[in-house]
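Here's the structure we're looking at; comments come further down.
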């Protein structure tokens, strides 16, 4: 339960919050932003640090994009490239509305910032839905070949069997998908507990 005198790091002092709440258009904008971001400096820093994840995913996907690296399921590298690109955008779209949320409290004309926040928040939601669906698709591609994949090929003749997949590519994708599900689960738990405490 929050005290009225508590200072929100993104809304500034109590006087700023009062002027912020007086504008009829801002509460629902703030609610929309709160649905997709956690308005705190710490969350922004964490998201910035997490940018290495989609960059790593992109690097692995691009390095092993040639079909001969994984003939048993050539779509695995495509999954990594698309997922890494969208995840990178998701993080950026999450950071920007969080920063703009602070400016809404002191901006004389908050409508432009509000529109930008709304657009980016909607894009964040779209990216989230796409990432969930795309992760399921990637899971099908990756887990369906789990029992048949082999990591060995004829090095002498440079021959790749039909069930071959480059070990770093397949193992990285396998672990990455599992961690993605864990992250989604933890995120759902966070929002559930956060909303539960806010209602008290």
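Glycine is treated like the rest: Cβ placed from N, Cα and C.
Remember, it's a predicted structure, so these values are computed and weren't measured experimentally.
Positions annotated as transmembrane segment by TrEMBL: 41-64 (among others).
For 76-99 (among others), the entry in TrEMBL reads transmembrane segment.
Under the heading transmembrane segment, TrEMBL lists 111-131 (among others).
The transmembrane segment annotation in TrEMBL covers 136-153 (among others). Packing against the transmembrane segment (136-153) from elsewhere in the chain are residues 72-73, 75-76, 79-80, 83, 159-161, 163-167, 170, 173-174, 177: each is 6 or more residues past its ends and has a CB under 8 Å from a CB in it.
Residues annotated as transmembrane segment in TrEMBL: 173-193 (among others). Beyond the transmembrane segment (173-193), the same-chain residues lying 6 or more positions past its ends with a Cβ under 8 Å from any Cβ of the stretch are 57, 60, 76, 79-80, 131-132, 135, 138-139, 142-143, 146.
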